[in-house]
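Here the structure comes first, spelled out in structure tokens, and everything after it is commentary.
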């Protein structure tokens, strides 16, 4: 009994000492944290680029300004609410991370010494374009905008405030403009998508088409793309112009791929026009199709169930790249190009954006099954109702061949949507999609570590990459 009491007293004494030590250590940490201010709030990557993000919407509205008040209202509609703004955030954080690469390794683009502070490191004659600001215009303004003294409604966008390069922040003027361009292109795609998908809500309020009619939403999206391409051209970099212009084409290609769920489904041979289904006009020119296409059943192709699933996933991933990952990956590549980085770093930045973009869409497809429309900011379960088979459905189809006919007819018959949802839950389609998303997340993290030196900006990118898997909207 005495020994037990002694042991208990000994344990209590050790525990007391440990508590005092723990308490002392906590006090020391708290005191140290007051002396050393952390450079980044790890749970808030926006803090590193808050200056640029805070003026993003304002600068975009200035870039897209029109002399027509209704056009201004519609094009600026989606910029009035707080969206995720993931794409410009990625470009800005990546630009800061790239600035940590020594200048001696960023010698693949010339720098304009007249645009930077007096500093020997920026005054090399062989580097005279890197810090150059985007041009305000290339062609004469009266040609670009048709300005006439007697017609004050025809005018170009408002001039942007002059931004001087901040060596401590490391984001170049052209990279900042790139972030704004990316958000313009993405927002244009949202305007068009909401028309195509007959959406009623976006970001918790009426969608552009619901608020202004389909016609206004389409025209506003077109206008945004036009303004974006003008801004792209003013970056004066042929590869950047090519990449960003191509990303716009990719968005459209992805939307057309979404008309079918697999590459072996029958081609769409009608066009919906209101309540009529019109035949597609006969082809006058033969256009070469992409390599991802495979012969259809109508051409006598015989595939096993596993082969059908494999081709369906290949089709889905390629469609996902075009619709979501192309804009992200190509903007990341452009940020690296504008930084003067080496070809190896540029390639890694592109792969980072591609893997992150596919991960982002996989999570989006999961949320369509798991999150309410109110939390998501757009209608939940929309994909199935639109006849679209996403990754959770494809995983369920692998285990449940009876889903094949439902997918082929785009879930158009009574009970198809409900049966598919039940099958997804029964066969763990959501959990399997999460595992696939984690694989792409891990690849994206590796791309960052292989291409960028350790820095607060890289840590913020890693945090952002990990947070994609836990987002709820």
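Placed from the backbone N, Cα and C atoms, the Cβ positions cover glycine too.
Swiss-Prot names 84, 87, 186 for binding isopentenyl diphosphate. Of 169, 176, 203, the residue it gives for the same site is 203. The record gives 84, 87, 186, 203 for isopentenyl diphosphate. Within 8 Å of the mean position of their Cβ atoms, the other Cβ atoms in that chain belong to 83, 85, 86, 183, 187, 190.
The maximum pairwise C-alpha distance among 84, 87, 186, 203, the residues recorded as binding isopentenyl diphosphate, is 16 Å. Annotated pair residue 186 (isopentenyl diphosphate binding site) and residue 324 (all-trans-polyprenyl diphosphate binding site), C-alpha to C-alpha distance, rounded: 9 Å. For residue 202 (all-trans-polyprenyl diphosphate binding site) paired with residue 87 (isopentenyl diphosphate binding site), the C-alpha to C-alpha distance reads 17 Å.
DSSP assigns residue 202 (all-trans-polyprenyl diphosphate binding site) to a strand in the three-state reduction.
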